[in-house]
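Engineer: Got a structure for you, questions after.
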Amino acid sequence: MEDFVRQCFNPMIVELAERAMKEYGEDLKIETNKFAAICTHLEVCFMYSDFHFINEQGESIIVELDDPNALLKHRFEIIEGRDRTMAWTVVNSICNTTGAEKPKFLPDLYDYKENRFIEIGVTRREVHIYYLEKANKIKSEKTHIHIFSFTGEEMATKADYTLDEESRARIKTRLFTIRQEMASRGLWDSFVSPKEAKKQLKKDLKSQGQCAGSPTKVSRRTSPALRILEPMWMDSNRTATLRASFLKCPKK
């Protein structure tokens, strides 16, 4: 799984995920499924905001990177992936500027068009189950929730999907591709099932020549929002390196 992640995700996303796991004492060599899940979630957050801007009339428009109007205001502020202190600084700044209610938990994005924070979810289970879990945790009608699955399903607060159909299709296609690539490598079952994950882990440890008695317990702790290696204040180049291109999974 670790090799798969390094091959199929943008190197910067991989580095951010590594730093997030290290900060919380999680070993990516052991918790490879969590490593893959963190990378997937971060990529979806960036794809969610890709090419979406707000013009002078306050209208949401889609602009390609090489467009001369790329200096328009970004529609979405990316909070996920920042250092925790920086993330709360950005959230507080947004609340002070827009009058938005401060969320109890760090959200993933802020939508300047709809003036609301957004919580993004990527699940390997039924979307409605994961949606309810998110809603019960957040307990706030002010934070908009949008859940994606690897099967192309999605669910959002009040069926308001925020993005246009084409933008959402890009995310769904990427998730489906990740699932297919995992399946072709025999990794999907272990990614979905904890029992299969333990079997795969033992197999990986043996193949690496490690002691058969090495610990195989997978931590149940949930990592908070990803921690980015440096702040990205809102400007036209803040996510250029990530938006330039997402690496495609090489053929098996």
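Placement of Cβ uses the backbone N, Cα and C atoms for every residue, glycine included.
According to Swiss-Prot, the site 'Important for efficient shutoff activity' annotation covers LEU28, LEU65, LYS202, LYS203, LYS206. Per Swiss-Prot, active site is recorded for GLU80, ASP108. Residues or ranges marked as site 'Important for efficient shutoff activity and nuclear localization' by Swiss-Prot on the basis of similarity to another entry: LYS195, LYS198, LYS199.
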Engineer: Looking only at Cβ atoms, how many others are within 10 Å of the one on GLU80 (active site)?
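Structural biologist: Result for GLU80 (active site): 25 other Cβ atoms within 10 Å.
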Engineer: Can you give me the Cα-Cα distance between ASP108 (active site) and LEU28 (site 'Important for efficient shutoff activity') in Å, rounded to a whole number?
Structural biologist: 22
Engineer: Within its own chain, what residues at least 6 apart in sequence put their Cβ under 8 Å from the Cβ of LEU28 (site 'Important for efficient shutoff activity'), listed in sequence order?
Structural biologist: GLU2, ALA17, GLU18, MET21, LYS34, PHE35
Engineer: Around ASP108 (active site), how many other C-beta atoms are within 10 angstroms of its C-beta?
Structural biologist: 26
